[in-house]
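For reference, the structure is listed below as structure tokens.
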Amino acid sequence: NADVNCSDSDGSNALEVSCHQGHFDVVTLLLEKGADVNACGTEGSYPIHTAALNGHRKIAEKLIEAGAEVNSIDKKKRTVLMMAAHKGDSETCQLLIEKGADVNKTGQDGWTPLMLCSQYGKTECMKTLISLGANVDAIDNNENTALNTCSANGHKDAVCLLLENNAD
């Protein structure tokens, strides 16, 4: 019998690679065969981080059903929700928050998920985060807010959205 949890020379395992590539059926099979849903892989991240960063909501949902920790933090102090917000994936953000992810958890730089998607002007994702309790006035380690971030990057619609939600 093959070890479904073995890693290659780069530290990647079959579950992590399948999550990255979006192979739902393979992820399902690996989980059925005992793959460790919370195994730390390459870059110090977990399969659910990989699924969220690559926009694979169905896989993220499957991993959660299998026991993946929605508030897990990778070695760069990023949460799963931060990965989904960076991608601008509103549906995955909503799923994660509904399953218990902390919408205002900060990374090592003090950034919140809202700040991450505001950096790229991902207004639909910003709306989702705000509607689910994101603090529009959170301040990072450099005294910046989501409003500063989207303003600096020229995202007018994101600026309007934050101002409509009483951001300072």
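Each residue, glycine too, has its Cβ placed from N, Cα and C.
The feature repeat 'ANK' is assigned by TrEMBL to 10-42, 43-75, 76-108, 109-141.
The residues of the repeat 'ANK' (109-141), classed with DSSP into helix (H, G, I), strand (E, B) and coil, number 16 helix, 0 strand, 17 coil. Panel annotation: around the repeat 'ANK' (10-42), residues 4, 48, 50-51, 54-56, 58-59, 62-63, 66-69, 72, 74-75 of the same chain, lying at least six beyond its termini, place a Cβ under 8 Å from a Cβ of the stretch.
Assigned with DSSP, the residues of the repeat 'ANK' (10-42) fall into helix, strand and coil as follows: 18 helix, 1 strand, 14 coil. On the 0 to 100 pLDDT scale, the repeat 'ANK' (109-141) averages 97 in the predicted structure.
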